[in-house]
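*Asks:* Sharing the record's features from TrEMBL:
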DNA_BIND  29-72  DNA-binding region
COMPBIAS  299-315  compositional bias 'Polar residues'
DOMAIN    27-71  domain 'Homeobox'
DOMAIN    74-275  domain 'TLC'
REGION    284-327  region 'Disordered'
TRANSMEM  83-103  transmembrane segment
TRANSMEM  123-142  transmembrane segment
TRANSMEM  207-226  transmembrane segment
TRANSMEM  246-267  transmembrane segment
Amino acid sequence: RFIAKPCAINLGIQDSGPHRAQPNAILEKVFTSITKSPDGKRLEGLSKQLDWDVRKIQRWFRHRRNQDKPTTLTKFCESMWRFTFYLCIFSYGIRFLWTAPWFWDTRQCWYNYPFQPLTSRLYYYYILELAFYWSLMFSQFTDIKRKDFLIMFVHHLATIGLITFSYMNNMVRVGTLVLCLHDASDFLLEAAKLANYAKYQRLCDAFFMLFGVVFIVTRLGIYPFWILNTTLFESWELIGPYPSWWLFNGLLVTLQVLHVIWSYLIIRTASKALVRGKVSKDDRSDVETSSEEEDVTSNSTKGIFSTSSNGSNRLNGHVASGQWTGE
């Protein structure tokens, strides 16, 4: 309110929403009490009742659905908040872990387990991350629903479960590695969204490509060969098959499956960008265009985040073209 909004206004971002639908009592009643996406049979009936062309009615429903979507200014402010949080928490994590012995030798995560001290810096790192992911879990139900809603819901559940479980079992050392690794790419995604909302297309594309590289390297390279290696094999070797070994590693493997899905979506979006010369529209889009002509215009003038409602996202949530989120 006091920082992001003035920044957005200085960048020329207006607080104006999508084109509003023409007032019509009959269509409004259908929209609010029956369906927001009428089928062909209902469209034909409305066409006869109103003496409107079916295509015009379809366009009205598109405009009406888009009418309740958040404005670009709202999306910019939310992305700026997420960018600030991700950048600060990642910087804190790197600064904290740089001097931690288990950052350089993952076997240190299991020495003297479970009798490992919980320092105040480690405690606050965990509490901040847990609070943030709980906020994402709750806000997902109030935000605009997207195609990747289920994937992000599973992701938030797995993340909260891992943070809580590792804290309760004093597996905080390996937990900090997982948290820091996942924060490495999130702020780049939000930076790309900010650039897109401000209509800096080249900067947006550059940030997105950088995000894609960092995401794939960390999630498909470092995560399985560094994190999963220590939780699956080194822990078994050093402390044996502890009772919760299967649950803990099951949650970590679930995250890896989501990483693969999101990486595929990122690569697909990047491939489209190479063909079209810039990053394409987000396939998760919650905003619809009102006609085929508008579709063409949108694809030729807007970037991947032009129709994103809250960042989540969200790949919050994370991946372009299908979702990002975030962890």
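Just so you know, glycine gets a Cβ as well, placed from its N, Cα and C.
Provide an account of the burial state, proximal residues and distances for the features listed.
*Replies:* Model confidence over the DNA-binding region (29-72) is summarised by a mean pLDDT of 81.
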*Asks:* Where DSSP helix means H, G or I and strand means E or B, what are the helix, strand and coil counts for the domain 'Homeobox' (27-71)?
*Replies:* 32 helix, 0 strand, 13 coil
